[in-house]
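> Right, I'll just put the structure down here and ask away after.
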Amino acid sequence: MNSLQSLEENIKANNNFTKFIINSEVPDICKSEACMLGVDEAGRGPVLGPMVYGVAYCPLSQKEVLQSLGCADSKALTEEKRDDILLRMLTEEKACNNVGWIAEVISPNYISNSMYRRAKHSLNEVSMNSAISLIKKVIEEGANIAEVYVDTVGPPEKYQAKLSDIFPGIKITVAKKADSIYPIVSAASIVAKVTRDHALKVWQFQEGLQMDHTQFGSGYPGDPLTKKFIREQIDHVFGYPSLVRFSWSTAELMLQEKAAKCTFEEVDDEGKKKPNTKSISTFFSPKNEKKRKRHKFFEERHLTVDNAFE
């Protein structure tokens, strides 16, 4: 990838109904020198669109590259500035030779199904699993990771202990607002935010809706355009298009108000039987079955039943 347009084309080429990964090549220097790696996310709170986890990494000896790119607290940067920094990471020789990155785009459908399935999978678990899998992937591709810095999900002490168990021998630091403290986390945050912004810009509705991002807004519940979308783009039977995180209370309340009511039969827990209920296998059991007399045809010819496959 060498432009934001190629980033968009890469996103469009993937299935937005599940989750997928996009990434840079691992710079050669990152394979030979000890590197630091940062992790952050974008789009944790919106009711519309994906959540994106981003990772950035570079040699410990090349911290000035991050400073020259302008990596700082991504929340304090404008969208245009974030775009410019990622574009420079994609095109400038020094950045390409020293900074690698990877992002996982996690669809609204994947998030909601994880939270609704019988063995519930919280957003924190989805987040942690994504971060862990991205760190593993970078290491598997040959990057020499010595230090990891993560913007926390939940209590930082527990998260740090969990990562330390998974990645022994690597210095792990988990902190609140890490993107405003560590430039490598700022770089990861920029990767995540820009990827999410462009994922929304090129969102393709599998339901056939002809809309672009200017009509549904940022995806945050307080955005007037997002509110309008949630209020109006609801099917009485099928609910919302896959852009919507239907497990969010904002969407749930609207579904309760405008969508058809559904009643589901109670599903028994596995292994539990209702009292006085026979197992279906008992109907095929040979117990108490009278032995039938063999037909005269078989007796006269001394024929017996055999199994050719035994």
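Heads up, the Cβ atoms here are built off N, Cα and C, so glycines get one too.
Note: TrEMBL annotation is automatic and uncurated.
According to TrEMBL, the protein has these features:
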DOMAIN    34-260  domain 'RNase H type-2'
BINDING   D40, E41, D151  divalent metal cation binding site
REGION    269-288  region 'Disordered'
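I'd like to know what surrounds each of these features in this structure.
Spatially close to D40 (divalent metal cation binding site) yet at least six residues away along the chain are Y53, G54, S74, V150, D151, A178, D179, V185, S186, A188, S189, A192, judged by Cβ distances under 8 angstroms.
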> What is the set of residues, excluding D40, E41, D151, whose C-beta falls within 8 angstroms of the centroid of the C-beta atoms at the divalent metal cation site?
V39, A42, Y53, G54, V150, A178, D179, V185, A188, S189, A192
> Mind giving me a neighbour count for D151 (divalent metal cation binding site)? Other Cβ atoms within 10 Å of its Cβ, every protein chain shown.
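Taking every protein chain into account, the count is 25.
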